[in-house]
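*Asks:* According to TrEMBL, the record shows the following:
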BINDING   R428, D466, L467, E517, G518, N540  S-adenosyl-L-methionine binding site
DOMAIN    338-622  domain 'SAM-dependent methyltransferase TRM5/TYW2-type'
REGION    73-92  region 'Disordered'
Amino acid sequence: MMKKSMCCCSLAALRTHKPLPFPVCISLSVVAAASPRRCLSKSLSSPSSSLNAVLSIAADDYRPPSSFHFGPSLRRGHLPEPPPLSLNHSSEDGDGGVIEKAKFCRVFDVAALRVPVEECAALESHLRGHLLNWPRVRNIARVPGDDLDLEIRRLLREGEGDGGARLDSLAARVDGRADVETAALSPVLYREKLAKEFNCSGFLKFRNLAKLSRPKKKKKKLNSKDGGDLASKNLEKNDSYVVKVIGDEKDKGDLSGLLGEDFKGRRWRGPTRLLLLDEKYAKKGVSELPEAIKVPMIPLSSSFELVQCQLALFYDYWSMSELLEALLPEGLIVPTGFETIGHIAHLNLRDEHLPFRKLIAQIVLDKNRPKIQTVVNKMDAIQNEYRTMQLEVLVGNHSLVTTVVENGFRFQVDLGKVYWNSKLATERQRLICSFTRSDVVCDVFSGVGPIAISAARKVKCVFANDLNPNAVEYLERNIVLNKLERKVEFSITTDFFWSRLLVCHSRVLDFLVFNMEGRRFIAAMFTTQLRYSITQVVMNLPNDATEFLDAFRGVFRNTPRSARTLPKIHVYGFSKAQNPEYDFQERINVALCAEVVDVEMHRVRLVAPGKWMLCASFILPEDIAFGK
Ligand SMILES: C[S@@+](CC[C@H](N)C(=O)[O-])C[C@H]1O[C@@H](n2cnc3c(N)ncnc32)[C@H](O)[C@@H]1O
């Protein structure tokens, strides 16, 4: 059975993809290296085995195809040499599904202009069209050592007049060869010097003992194994990509030809940044750069360098759909969306995705942390009376209790026990906007209270009801959560409804909570003389709310017409008809056994192809309310 399309907060579409040139392997327990394609066919023939799936991409088999020429793609670039071991950790779920993150590293050759930091921003805007402009990669890159210590910078400036002599001297001292005894040393250099001399000279006068004895800041240890060429300080800061300059030490590619003999052999002596150039300039020389790049640099007074770089993109860089395209077998539609309810990502996977559900869930979790903590899949269509969903927790923490913020209110829900649908937020807002301060609202199917609670801030009085005791419990919690508890006089249950109602006659009624069957609730609310007349009735049970409309027949039959206000009813329903409004109106007429006029119809949303959710709003016809 094919399932409905996946619900999606941002992208509802599902799309097919061409396979990547590396195979996906799913096997029971071992990371397959030898024959991944065999593993794939095996696992696909027995989907249940994927419960403990271990996924591997055969890096050796990777061949970049020629059809993709530009832009970041897992189909392009080359694998790092040696692989960045620091990224070799895997994403793992409780059932053993593993994504080998290191296999998603791709290295791209790009050229960059090394420019003084002060001029970097201006140059970036001048050269924008010639820069790399890749999503999630900054055109301005930083590499270790591009920021000089201010003190060193000052010394360098002082050294301008003496030619290279003082610079050489400084370089010698930085290298630990303190050959200039008389020079004023920076605190760091001074400390180094003292440390070296202490043993042989005995007692020494410290310039600033407090500073010198301050413990060093702890640095994160880089595992020597993790070294790899790509592991650097930057890698610690940014897990999605890193830039490395190739042959940095060799000082080649300066623009002396472009900027004149003055700059020949000299490098800028301050902090620098890299401006990453468009891919097409990779491995090109200065003479091959277009005038549009050269000209903006000529008036600038500093030296520039054209350097060749490697840009490595890691697992964290790639989007959810890029990863899924890489991982799912050939020809399988890539699921691209999910619904978010608090910290829970709610998937609605098709049958063909089910063998890969843990893998998909793991990627959803990885790509949406920390907001998402749990990923669940809807197992079946909502069928039960309380409209709760059958959910399978795929990865993350197993709690289905979450807090949702909607229209400025907070709602705690347990998705396993109560109904919640974030997609109705706009509709609820629309409805509440139509209420006024003098309204008295009766929410027949209130759930955990998104309509009742939001309305309570605006209207005079709210009566909220739900058949599900768990929903009523969460409704009461949410009343407290939203600081409306002073408005709640008490809650009434079916058993002692009448006795308590007599008590409440003498009190101010603002918000009453009921746990009753809908039809009985309507009858009870309208046949009793309440302090306030109900002006708005909300019936949000789209599958069969119209079946409850007959409960309004004759509700005012024992009262004089002048003593009653006719309420406005907002009833929800679905329709697959060609003319959904006409179809829904017909069903309302049948339920009330009358021709209802002046019905305002509103299309709420398309819940499935050709199936509309509608809201019909109308004043309860007098003949029905007062009829026998
Ligand atoms: C579609 S949900 C709507 C909840 C709420 N209005 C919202 O927007 O979240 C319908 C609610 O009606 C409740 N319900 C179902 N049958 C009912 C009945 N016969 N009487 C009263 N409530 C009922 C369910 O427990 C569920 O909470």
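Just so it is clear, glycine is given a Cβ too, placed from its N, Cα and C backbone atoms.
TrEMBL annotations: computationally assigned, not manually curated.
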*Asks:* Using DSSP, would you call G518 (S-adenosyl-L-methionine binding site) helix, strand or coil?
*Replies:* helix
*Asks:* Sequence gap of 6 or more, C-beta under 8 Å: which same-chain residues meet both conditions with respect to N540 (S-adenosyl-L-methionine binding site)?
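*Replies:* When sequence neighbours closer than 6 are ignored, N540 (S-adenosyl-L-methionine binding site) has L424, D443, V444, F445, G447, I451, H570, Y572 within Cβ distance under 8 Å.
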*Asks:* Test of understanding: give the count of other CB atoms lying within 10 angstroms of the CB of D466 (S-adenosyl-L-methionine binding site).
*Replies:* 30
*Asks:* Over all shown protein chains, what is the count of other CB atoms within 10 A of the CB belonging to G518 (S-adenosyl-L-methionine binding site)?
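*Replies:* Within a 10 Å radius of the Cβ of G518 (S-adenosyl-L-methionine binding site) lie 19 other Cβ atoms.
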*Asks:* Would you mind giving the whole-number mean pLDDT across the domain 'SAM-dependent methyltransferase TRM5/TYW2-type' (338-622)?
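*Replies:* Mean model confidence (pLDDT) across the domain 'SAM-dependent methyltransferase TRM5/TYW2-type' (338-622) is 88.
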*Asks:* Could you check the binding-site residues L467, E517 and say which one's CB has the most other CB atoms within 10 Å?
*Replies:* L467
*Asks:* Which residues does R428 (S-adenosyl-L-methionine binding site) neighbour through Cβ under 8 Å, counting only same-chain ones at least six apart?
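*Replies:* Listed in sequence order: E406, N407, P450, I451, S454.
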*Asks:* Whole number in angstrom, please: the longest C-alpha to C-alpha distance across R428, D466, L467, E517, G518, N540 for S-adenosyl-L-methionine.
*Replies:* 22
